[in-house]
Amino acid sequence: MRFVIVTGMSGAGKSLVTKYLEDIGFFCVDNLPPALIPKFAEISAQSEGKMEKIALVIDIRGGELLHDLFPALEEVKKSGFSYEILFLEADDDVLVKRYKESRRQHPLAPEGRLLLGIREERKALQTIKSKANYIIDTSTLVTRQLKQEINGIFLEGKIFKGIIINVVSFGFKYGIPTDCDLVFDVRFIPNPYYIAPMKNQTGKDQMVKEFVLNASETKEFISKLDGMLDFLIPNYIKEGKSQLDIGIGCTGGRHRSVAIADEVYRRLEEKMHSVVIEHRDIEKDGKGVGK
């Protein structure tokens, strides 16, 4: 049985995450009093496989009840069940903006002092955050990216090694993704855009893929990138980095970067990393621009 506690800052996306967990088969319960968690775990374990994946949403609305959380989880552990904690985070200014847009009242700001309430909540949740298995900062994530993060951690068949790796292909014509930690420019690789049969294809098509990946420049680049990532990823994990965003760019983001990003994704998956792929500009019309 997989038993997950979902918690974090109000406004950081717990409702969305709950929906995404339900989409991948989790039975979700919102704001269960911590004192009831051990009994709930016991009942879930006796459900004869009907409740194999459980997510409990615990937040500041529980007030003083939050103090009961870790004693309850310790009891769960003593009963032979393991658990994971997912903590959702966001910057203060982002949370303020979200609250103002939604016109909701923060649970710790009854008199409307929103920023003060957010800071009080952050302080109250610090201990829980320090014990979290996974921390996702949603400050700059769009909903699709948040779903990718959740799938990367919780989809069956993937092993979480302490870091989520996002690989994104893009076109320099449309700008470099602002959230990338590593950016690789693959415009030095022979360009299939200028070969008539491949001009209107993408790096997803077999002809383009073979052309790009069979180039001697690509083979050498992939080999060196492989070694670089094998070195970097364990060191990022050691330093506590929980997310790595890798951008691979060509001119228009439809040919070379797509084929190479897919190959990088495939190799990382083979090494059992939690990895997601995005082709940001593959659908964009880049007439007259080499890809």
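In case you wondered, yes, glycine gets a Cβ from its N, Cα and C as well.
Keep in mind it's a predicted model, so treat the numbers as computed, not measured.
According to Swiss-Prot, the features are:
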type    : residues                                             : note
BINDING : Gly8, Met9, Ser10, Gly11, Ala12, Gly13, Lys14, Ser15 : ATP binding site
BINDING : Asp59, Ile60, Arg61, Gly62                           : GTP binding site
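Each residue contributes its Cα atom, and for Ser15 (ATP binding site) and Asp59 (GTP binding site) these two points are 11 Å apart. Counting only same-chain residues at least 6 apart in sequence, those with a Cβ under 8 Å from the Cβ of Gly8 (ATP binding site) are Lys14, Asp59, Leu86, Phe87, Leu88, Glu89, Leu125, Lys129. When the alpha carbons of Ala12 (ATP binding site) and Ile60 (GTP binding site) are compared, the span between them is 12 angstrom. According to its DSSP assignment, Gly11 (ATP binding site) is coil.
Ile60 (GTP binding site) carries a helical DSSP state (H, G or I). The separation of Ile60 (GTP binding site) from Met9 (ATP binding site), Cα to Cα, is 8 Å.
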